[in-house]
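Peer 1: First the structure, then my questions, so here it is.
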Amino acid sequence: MANPIIAPSILAAEFTRLGEEVKAVANADWIHVDIMDGHFVPNLSFGPDITRAVDEVTDQVLDVHLMIENPGRWIEAYAKAGADCIIFHVEAVDSVAGAIQLARDIRALGVRAGFSIKPATPVEQWLDLLEECDLALVMSVEPGFGGQKFMPEMVEKVRTLRAEIDRRGLHTVIEIDGGISAETIRVAAEAGCDAFVAGSAVFKHSEPAAKAAAVEELRRLATV
Ligand code: DX5
Ligand code: ZN
């Protein structure tokens, strides 16, 4: 990837200083916002109000990852909160037709649409979404928590998506999320990934300059 997209996940940020944390990674391309409802995943994070607060301190693209049940009910609230891309989980919709409709509803709000697949979900049955979405997010950990170990076997899904997107002449962005670090990012980049979420690998550093340096290092390693 010539210009990899680096998307720090604020799930790993220090919440009492969220504004400063976002500003520390001003050199990143996107800001990844993990929304968890305690039902679709066994954890809670934040909602539209915190998303809006983040939007107010940055012009970066807000990449909003909905790990929630009934995502269609919430897309308008996140669009109003400043989301630039809204990603839903295919496991939270009942059919390909339902997912296509949801993607269209997201785009109708003037927001990019993305779909995400959990580790146990094969990508093959969802490939019809590629024409309907701007982004496909491959989970390389079980969603719900930051700081987990990268699942290298998920890179095969990136290869499948890359081949299919190229074959169809599409521009759908492939993003990977979970356990991305200086040790793991390159294999995903070599498989054809465009965008890389990194939580702990960026925000584990306490000095702001070290967070920015971690973003630069990830970008360098993902340039293949
Ligand atoms: C997991 C979230 C990820 C997470 C990544 O459910 O979707 O975005 O914050 O964190 P790290 O990079 O620490 O695995
Ligand atoms: Zn995420």
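Including glycine, each Cβ sits where the backbone N, Cα and C put it.
Quick paste of what TrEMBL says about this protein:
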type     : residues                                                      : note
ACT_SITE : D34                                                           : active site, proton acceptor
ACT_SITE : D177                                                          : active site, proton donor
BINDING  : S9, H65, G144, F145, G146, G147, D177, G178, G179, G199, S200 : substrate binding site
BINDING  : H32, D34, H65, D177                                           : divalent metal cation binding site
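Would you situate these features in the structure and describe their surroundings?
Peer 2: DSSP assigns D34 (active site, proton acceptor) to a strand segment in the three-state reduction.
In the three-state DSSP reading, D177 (active site, proton donor) counts as strand.
Every protein chain shown contributes to the tally, and the Cβ of G179 (substrate binding site) ends up with 25 other Cβ atoms within 10 Å.
Counting every protein chain shown, 28 other Cβ atoms lie within 10 Å of the Cβ of H65 (divalent metal cation binding site).
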Peer 1: List the binding-site residues G144, G146, G179, S200 whose Cβ sits under 6 Å from any atom of ligand 2, in sequence order.
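Peer 2: Near ligand 2: none of them.
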Peer 1: Here are some binding-site residues: S9, S200. Which one has the most Cβ atoms within 10 Å of its Cβ?
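Peer 2: Result for the most crowded candidate: S9.
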Peer 1: Determine, to the nearest whole angstrom, how far the Cα atom of G146 (substrate binding site) is from the Cα atom of D177 (active site, proton donor).
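Peer 2: With the alpha carbons as reference points, the distance is 10 Å.
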Peer 1: Using C-alpha atoms only, work out the spacing between D34 (active site, proton acceptor) and H65 (divalent metal cation binding site) and round it to an integer in Å.
Peer 2: 5
